[in-house]
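What Swiss-Prot annotates here:
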TRANSMEM  8-28  transmembrane segment
TRANSMEM  67-87  transmembrane segment
TRANSMEM  122-142  transmembrane segment
TRANSMEM  157-177  transmembrane segment
TRANSMEM  199-219  transmembrane segment
TRANSMEM  244-264  transmembrane segment
TRANSMEM  268-288  transmembrane segment
TRANSMEM  295-315  transmembrane segment
TRANSMEM  322-342  transmembrane segment
TRANSMEM  366-386  transmembrane segment
TRANSMEM  403-423  transmembrane segment
TRANSMEM  443-463  transmembrane segment
Amino acid sequence: MLEDFLKVMPLMTASGISILLILVEAATKNARITRLFAILGFLLVFLSLPFSPSEPDFAFSNMLQSGGFFTYTATVFSIGGLLITLISDKYLEMEDAHHGEYYIILFMAVVGMMLMSAAANLTILFIGLELMSIALYVLAGIMRDDQRSNEAAIKYFLLGAFASGIFLYGIALIYGATGTLYIPQISDHLAKNGFDTLFLSGIALLMIGLLFKVAAVPFHQWSPDVYEGSPTVATAFMATGAKAAALSSMILVGISIAPILETFTAWPTAIAMIATLTMFFGNIAALIQTNLKRMFAYSSIAHAGYMLIGIATGTDSGYAGVLYYIFLYTLMNIGAFGIIILVEQKHQFSELADYEGFFSRAPLLAFLMAMFMFSLAGIPPFGGFIAKYNVFSAAVQADMTWLAVAGVIASAVSVSYYLRVVIAMFMKDTKKQKLNPDPTATATIALVAFLVLLFGIYPSLLIEYTQHALAFAMK
């Protein structure tokens, strides 16, 4: 039993911290103290990462898998959770929503994400998905007195519950077709017996559930309204953590259905078409937005399309590209949303007009925001360029050159609305007073920007890690 705990130590640590936070909040009823324990908890999770073996192995009656893949994804989820925790407090206090349970729910969402990437059984994958989803529904409505927040939570819950039902039905069909819920055995069954219509129906429904979480077209309708209405700190976490967890699960599923990819070409073609529609719809819709949160919602849809390119290839290089992308996207998006959090006023929208002359109000924040915009647009030397290059080159290597070309065109379209933000900040005047942003949040965002630049100049620092993680994923 102790050996099993050590194999998935980050998950066990995060689960234990979640319970501890409940006790801390119940005893102190002080959100600041709960936040401090949450920060220490994430640091403990980081310290537990070396205990997880790099070689693939199984724990708890083969229900969970450990190894480099789990360690990498757990690192991404924990970094995202820690960054959100560091930049949340002042915003929540401003919105009269600084409740200790916010940090508890945030930690539980991270536990759900870790379960998804550690799942060796489809039942565990579903439990992780639901734990993450329910936590995100609550985070969307954490501003109890704000009608927009409540509306966002209800919309997310209703559509999310429907998607979860589809996901669960897919699991049932897969079990009916293969006789197992154990992911490696599904792969073995397909290799020996091939696949039938029942299995294809099941895997399609399962993928629809995951595509909903990444907000891919045509399962994206919820995201603009939910992202705009939710507290900005919750939006930042939804747009990054949920996507990273769902894409990690897609990689695990993709590895298990590898025999299909060799004989059933309609499968990668379908994913490629969804990726193409997602990229172009997200970018074109973002062009006409004047609200930054809504613009980033559509931008998030577009980035889901870029990452789906790597999934569509079905190759190790494609999956490694996705792993690199989810890490950089987590940094870029949380960094950009972090600046929105610092600028936002109580109960007000984040309009593009609010950023006119932003450089004269907060030069450092304007400079950092420009870095994030350039990186999200895929402009070198920032990490976003390398992230896109990796998935595009993987598509070319997989003889899907048309998909890579579509990605390049879609990325070129995105430059327009990202540059609109930069132009508004640096080339327009304002009479608004200077900002005095929270120093802790500013330092956190500056560190994130540094990492985005570092991984753009020295991508090998992270690429080797992603390749190692994939090499030691469950095969």
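Keep in mind that glycine also has a Cβ here, set from the backbone N, Cα and C atoms.
Taking residue pairs at least 6 apart in sequence, the transmembrane segment (443-463) and the transmembrane segment (366-386) share three or more C-beta contacts under 8 angstroms. For the transmembrane segment (443-463), the partner stretch with the most Cβ pairs below 8 Å, chosen from 67-87, 268-288, 295-315, is 67-87. The stretch in 8-28, 122-142, 157-177, 268-288, 322-342 that contributes the largest number of Cβ pairs under 8 Å to the transmembrane segment (67-87) is 322-342.
Distant neighbours of the transmembrane segment (322-342): 72-73, 76, 79-80, 83-84, 87-88, 90-91, 232-233, 235-237, 239-241, 243-244, 247-248, 250-251, 292-293, 296, 300, 303, 306-307, 310-311, 350, 362, 365, 368-369, 371-373, 375-376, 383-384, 386-388, 390-391, 435, 437-438, 441-442, 444-445, 448-449, 451-452, 455, 459, 462-463, 466, 469-470; these residues of the same chain sit at least 6 beyond its ends, with a Cβ under 8 Å from one of its Cβ atoms. Most Cβ pairs under 8 A with the transmembrane segment (157-177) among the ranges 122-142, 199-219, 268-288 are made by 199-219. Residues 122, 129, 133, 159-160, 163-164, 166-178, 190, 242-243, 245-247, 249-250, 253, 257, 260, 264, 271, 274-275, 277-278, 281-282, 297, 300-301, 304-305, 307-308 of the same chain lie 6+ residues outside the transmembrane segment (199-219) yet bring a C-beta within less than 8 angstroms of a C-beta in it.
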